[in-house]
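S.K.: Here you go, one structure.
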């Protein structure tokens, strides 16, 4: 611990112990297998859809590339959270330095905001595809998509950086134990011993402004998209457009409902145990990572067809590699 302030020595912790689910001190080792299994499922399902999009030239179109990018962000988010969570269950590997803690905090919130920004880009892509189908190829180009992704990453950095920078200036002298499985902002702020009203105000303002603006933009985009889809004369094209929008809206609902429910419960259910709050944090951080590849893999016709073909080829290859069965009645050599 180190730090000087106002001419007197002020202690401030520079490393912390992550205590994921502190109410289960003796049974935390039992959580390793389910969360490790969850991590492997997230990696497999997301990687499967990403591989399908990358390996099929017919899927090298803006909508499918954005889906693959969204799922890649899911993988990064799960990798930022779950390994640290698994280490927090062990008393030998659960200590984390302050710079590493702030780095994890930045990555978690950056990936959450970046995920929402990709959903905005996908809404713009569908808006142009359905409202201006004839001009879609000349409007939505690879160069435009790359520029929008850079803008999304820049916006995410600008939203998250002030929160992390303010957190880095706080003195932590109450304790060196974070009662959380990750360096979540408010879990770290609970250890502060100074005035953190500015941190709370900035964090809450940024979250509310960002969420409200995103939801207004998404609502405006998809209301126009759905209105234009119902005006399509071809029944097949109308169904395809509405089905695609349905998948995107389902993902949007999953992302925003999990985030908002966690925030509401955190501020309303003050009497709930820390383990309940931690479970809700895991819910909003990991649910989109688990559900998104299932939604896009099952509801997007082109991706689903390639996945079915991939499984069929795998089964055929497995059956051809089986050794021929020996005849039941064999004569002994004379």
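Glycine residues also receive a Cβ, built from the backbone N, Cα and C atoms like all the rest.
Caution: TrEMBL annotation is automatic and unverified by curators.
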S.K.: Pick from 29-51, 190-212: which range has transmembrane segment per TrEMBL?
M.R.: 29-51
S.K.: Which residue range, 279-298, 299-318, is the one TrEMBL calls transmembrane segment?
M.R.: 279-298
S.K.: Before we move on, state whether the transmembrane segment (29-51) and the transmembrane segment (279-298) share at least 3 Cβ pairs under 8 Å, counting only pairs 6 or more apart in sequence.
M.R.: yes
S.K.: Can you name the far-off residues of the same chain, 6+ from the ends of the transmembrane segment (144-167), with a Cβ under 8 Å from a Cβ of it?
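M.R.: Hits for the transmembrane segment (144-167): 62, 65-66, 69, 102, 105-106, 109-110, 113-114, 117-118, 120-121, 124-125, 185, 188-189, 198-199, 202-203, 206, 210.
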